[in-house]
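Worksheet: one structure, shown below.
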Amino acid sequence: MTNYSLSETISTNDRDSDQQEIRQRLLTSSQNALLNDSYEKSSNDLDDDHTHNLIDSVFEVPTRCVEQAKEVGKFVVDYVVDHSHLPYWLIDNEFLISGHRPPMPSVKQCFASIFRLHTETVNIWTHLLGTFVFIGIAIYFLTRPSNEVHIEKKLIFGAFFLGAIVCLLCSTLYHILYCHSPKISKFFSKLDYCGIAILIIGSVVPLLYYQFYCEFGTKIAYLSLIGLLGVTCIIISMWDRFSSSDYRVYRVLLFITFGIFGIIPTCHYIFRHGFKHAFTD
């Protein structure tokens, strides 16, 4: 009887131990399954987040580009007005109806406007680029060794380069700053016309020097006359009323006359020495 009870007790203990081990294994399996499910869910969530972020970034690039293009376009064409909205001192050409810059009482704004589209954009850039071109040519020519370019030739053509650079630079500054204020507009308008007179003088100097190379008296007479006419044009250009739109026709006639006068020495030379000699000697 005692042996039977002991055997039954051992059997019961073994059964309880097996059940506990099975229960522990099931619990461990359940925990592992839960952990795997949680990891897979987290991974899926991460994948979804990454996918959404990638899609957002793909659509964000063209959206940002469009916004930047709009900003650039606004910067380029913004702040232009029609002719009817201009103050009296900015009204110069009634045939240009739109695309005018309004008054800009800031030098910084005026210079920033060179990167915008308006009625003066072409004028500004053609004169500005021309200024740099002539500066580059002048530096190259004037720095040549004396055995290549004689000092005499450098001085003669230096007058031409100086006149061209001064004219283009004054004109560039005028087209940039004339919308600043009435006072600034009038001042740089005068400089613009003075620059034209200086250009004409500088252009005639090489022509007279080589056409009348062996006629010192005639050369000096023409140079003095051209210089006197140039100074006269500069003095007239500094007159306040002359820079107004009412005197536009007179300005054109004055500078056309001055420019044509530069042809007179050539006609004189052809008359005295003949057409063939004028272009072959």
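Using N, Cα and C of the backbone, Cβ positions are placed for all residues, glycine too.
In TrEMBL this protein carries:
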- His175: Zn(2+) binding site (BINDING)
- 124-143: transmembrane segment (TRANSMEM)
- 155-179: transmembrane segment (TRANSMEM)
- 191-209: transmembrane segment (TRANSMEM)
- 221-240: transmembrane segment (TRANSMEM)
- 252-271: transmembrane segment (TRANSMEM)
Please indicate, using numbers and ranges, the residues of the same chain that are 6 or more beyond the transmembrane segment (191-209) and have a C-beta under 8 Å from a C-beta there.
156-157, 159-164, 166-171, 173-174, 219, 222-223, 226-227, 230, 233-234, 237-238, 242-243, 251, 255, 258-259, 262, 265-266
At a C-beta cut-off of under 8 Å, are there same-chain residues at least 6 beyond the transmembrane segment (252-271) that contact it? List them, or none.
193, 196-197, 200, 203-204, 207-208, 211-212, 218, 222, 226, 229-230, 233, 236, 278
